[in-house]
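Q: Sharing a structure here in structure tokens format.
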């Protein structure tokens, strides 16, 4: 297990390094000059030179990349003060520490993810199991067709529809907003209820379809049939044998979804006006803000890699045939 | 000031948007609620094109004129799309932060707006709008007694000197540079006069900026600068007390001199303002302090802002849009619903959109005239909000500038807002350029792309071939701002920094401003125009100067035609039913924050 973890963490570090390099160099290849955005009216070449110096853009690109990388391990000094390791630099746009900004935004994205996760896993897997158990019945048909419709929806479509129906037109619910969990769990949940539900609608549908398909497949496997032939109870076979086998692909997809969601649920956050990592990513690109783009990209990539490792590790617990070494 | 290539991104592409001081609009609500087009007309604008007046000590005294029925208490809710990039006055040039600054910052002078829409420059921290004894070469301002910052420390002339001198420091790059350039040299040469700002103990000599006592500051210029009192009203010149200046950090935590101070500021999330106990109404000629505080949250798209305020439920009753406008798809509903339309403010913004015709590449005026005649302004305006988003332009000066002439329409753009293809064809034939290819650059944003299709079709019907090039929004001004931009035609927007053509005509049409990054986008370099502009800049009498600018403008449009007039932009905002005192702020071109109260 330890060897597995060390190997995977090392691999992930190399990937992160590559991602950071590619992002950094692509940034300079893309159109848009961050110095120009910070240059007021009647911007002159001299004024641009001063801004480039202020932003550190006067140095060569490899030099800038080296400063960025070394800052992560040793910290850096900026005009606004010292940036402790892991230092992701200072935003070009609002001159705040990128690390602090990301830490500040993370709770929103984590809250969105965790709440949504609980809803869509419970409903999605529950409905999938039910449909599989009642295969061919009205229950199955209802679950399958509903999930087919829901999984074809998009948050940017269904989000405004729900907002229009329950917030703007009727006032049944307050418009979504993020309240700190520790300031009051009820207000936290109430503020995020609509995004959770909308996000879950789509994810629930996907997990329902996947669970149903996996379970039906597993229920036809030899080991399940053998278990039945041995006279084991149908519930025991369903959960102990079939479900365990069906979990492997579900956990894989879940790991990918979680990594992506924690890296920033861009569409959900934009649709509901929530200031999380996804919104930050969009803002950083719009503002041609290199340090912030790098920071968000690295945090997002780290989540995805982390969940990939966790998923691989989880296989060993779910499927006894898998050995990490 | 330069206008972002997209109205939607105006708040985002901050430094490019640069929307600050503007003379606009008619006060109060103009929405009729009868389903007709009640977007204000140029007759309304004509009332606003009056010259700015300069107030004396009496006009500069506080408190501000009482507002009938105003009540105290409550918190105004503000839905805002994006964060304020800078709170340091020296870094403020854009409209959203400029709008906020009217609540927290104060400068030497300010504009006072009367009920008819007239503007008077008055002393804000100064006792009057400034005195000059040598026709504007030097200006003297005296501080009012008892002006304190939000920590309770009194403001002195040292703080005024510091405010100007810190603008020379290298970290100050985004605010206006007018006064620095007037004092110490144009372009960036002024920075050499004080490379580190005042932070290393050095100061500008008394021959440039003098503070003979604790209350007085004297600006001394090489040539007459009659616009100084107006330039000093810009949020970019609001006072930063020396002892409170934290340089680069100041932008995230300034002290306040205005009626409100920052209680809490969460980057990217929101801001709470509370009363500044040290603000003294008796020193302030134009601000009130009716409400207890302001609760501003970000990440509200224009659609979200509009829908929440339209619904008028719960906290939305107490809410306003700060620098956002009514979302275009909702405009019809907002203006046609009598209940909602009475909760709107609208007016002209200072921006004029023009289609630049690169004079390095299109040298024949007949071709430029043909392009101008061919354009269907009314259709082009539609993707940018239609009648409530703007109005076809006859010339290149906005209806908000003193001296604007609504009858000026040399290309019949007002009479024929759908274009005159026959005339265009005729001119093109005369020039022998039928089938000429025009490289047309447009921003790769939805409404600009939509406009590009309309322009392309019209020009092709007139006999041109059009080669469209879409340019990413973030690189728009960088691309068209290059002298060798390899484009023939491209649209840009510009608005005045204060109500005077001095902040428009020289910047856009003087040959000296053809350089990478500068704003003479059409590359007009006409000897007569250059000479006339240089001469007009030296005229100290505002009315005489205004007449001269009008003449120059007419000559540019009629005789040279470097840019086809497209349209003037308009503002439409909505607010909650419990908000009182709402009117269009002519200076900022948004709702006037200084006089709002909650009815209950």
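Backbone N, Cα and C atoms are what each Cβ position is placed from, and that goes for glycine too.
The model shown is predicted, which means the values in this text are computed figures rather than measured ones.
Per TrEMBL, domain 'ABC transmembrane type-1' is recorded for A:106-315. Here TrEMBL flags A:9-30, A:108-132, A:153-173, A:185-205, A:238-256, A:294-318 as transmembrane segment.
Could you place these features in context, so I can see how deep they sit and what lies close by?
A: Through the fold, the transmembrane segment (A:9-30) approaches residues 61, 64-65, 68-69, 290, 293-294, 297-298, 301-302, 305-306, 308-309 of its own chain, all at least 6 residues removed from its boundaries and within a Cβ separation under 8 Å.
Non-local neighbours of the transmembrane segment (A:153-173) in the same chain are 190, 193-195, 197-199, 201-202, 205, 267-268, 270-272; each lies 6+ residues outside the stretch with a CB under 8 Å from one of its CB atoms.
Below 8 angstroms of C-beta separation, residues 111-112, 115-116, 119-120, 123-124, 127, 146-151, 153-155, 158-159, 162-163, 166-167, 173-174, 176-179, 257, 265, 268, 271-272, 274 of the same chain, each at least six residues beyond the ends of the transmembrane segment (A:185-205), sit close to that stretch.
Remote same-chain residues near the transmembrane segment (A:238-256) are listed as 121, 125, 129, 133, 206-207, 210-211, 214-215, 217-219, 221, 223-224, 227, 232, 304, 307-308, 310-311, 314-315, 318-319 (criterion: CB distance under 8 Å, separation of at least six residues from the stretch ends).
Long-range neighbours of the transmembrane segment (A:294-318) within the same chain, counting only residues 6 or more positions beyond its ends whose Cβ lies under 8 Å from a Cβ of the stretch, are 1, 4-5, 8-9, 12, 15-16, 19-20, 23-24, 27, 68, 88-89, 98-99, 101-102, 106, 244, 247-248, 251-252, 254-256, 258-260, 262-264, 277, 280-281, 284, 324.
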